[in-house]
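These notes concern the structure reproduced below.
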Amino acid sequence: MFPFSGCWRTELLLLLLLAVAVRESWQIEEKSCDLVGEKDKESKNEVALLERLRPLFNKSFESTVGQGSDTYSYIFRVCREASNHSSGAGLVQINKSNDKETVVGRINETHIFNGSNWIMLIYKGGDEYDNHCGKEQRRAVVMISCNRHTLAANFNPVSEERGKVQDCFYLFEMDSSLACSPEVSHLSVGSILLVIFASLVAVYIIGGFLYQRLVVGAKGMEQFPHLAFWQDLGNLVADGCDFVCRSKPRNVPAAYRGVGDDQLGEESEERDDHLLPM
């Protein structure tokens, strides 16, 4: 009886530990972006853009600006919490002089849209201003520009707009290939003409070969269309080059002239008569 009792206790303990582990895993599951608006009425375009940025979810970006006591560090993550101290913070500002952390924007108030070669990611719901912008909540605007040579780089703060009564924001920029539009390849005019020429040559050779073989009944090299012309093409090209390039006539007249029979005088037979014997 005692062995069975110990076995049951072990199994119950294992089941209890498994239940606790599952519960803890649910609790520590990372939060993700929650688009502005009701869950069932979210923009399909915004959902598609967030899915497009998924390769950046596990990356963290940091940039430090300022000097001395005015040195600030900004930590940014895409649809993930950027801080362990502030719940839901997607972009935080840390004052290096006193390590004070300020939430610039939270991922539970996300808005995103894009253009041809850029994506604008906005985190709302940050910490409230103390004395600026009507004490409204801070807002982070991250401009992701197209750069086909990097997945994500060059995260930098650009400016802080807090001189207005409302709608203030922090502006940041970053480069990523995910913001680029798909490349559409177009053939140049020369390539199109080359393809057309090659197609015509192929049709000429194949069609002429079939005609010579099936209609004319030619065999061997005679099946090639216009064989005599192509065999004599070299001579034709040479004659054309000779005609265009030569500056002197091919047949230069001789420096002497022949004498015609009509120009020869009649030889007198009497001049030799004195040589005959008397």
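Glycine too: its Cβ is placed from the backbone N, Cα and C atoms.
Looking up Cys33 in Swiss-Prot gives a disulphide bond to a cysteine among Cys79, Cys133, identified as Cys79. In Swiss-Prot, the cysteine linked to Cys168 by a disulfide bond, out of Cys133, Cys146, Cys180, is Cys133.
Swiss-Prot tags one of the stretches 37-58, 257-278 as region 'Disordered', and that stretch is 257-278. As annotated in Swiss-Prot, Cys146 shares a disulfide bond with Cys180, one of the listed residues Cys180, Cys241. For the recorded positions Asn108, Asn114, Cys133, Cys168, a Cα to Cα distance of within 10 angstroms from Cys33 (disulfide bond) holds for Asn108.
For Cys146 (disulfide bond), the spatially nearest entry among the recorded positions Asn58, Asn84, Asn108, Cys133, Cys168 is Asn58, judged by CA separation. Regional average pLDDT for the domain 'MRH' (31-182) in the model is 90.
In this structure, Cys133 (disulfide bond) is part of a helix by DSSP. Of the listed disulfide-bonded residues Cys79, Cys133, Cys168, Cys180, the Cβ environment within 10 Å is emptiest of other Cβ atoms at Cys180. Taking the Cα of Asn95 (N-linked glycosylation site) as the reference point, the closest of the recorded positions Asn58, Asn114, Cys168 is Cys168.
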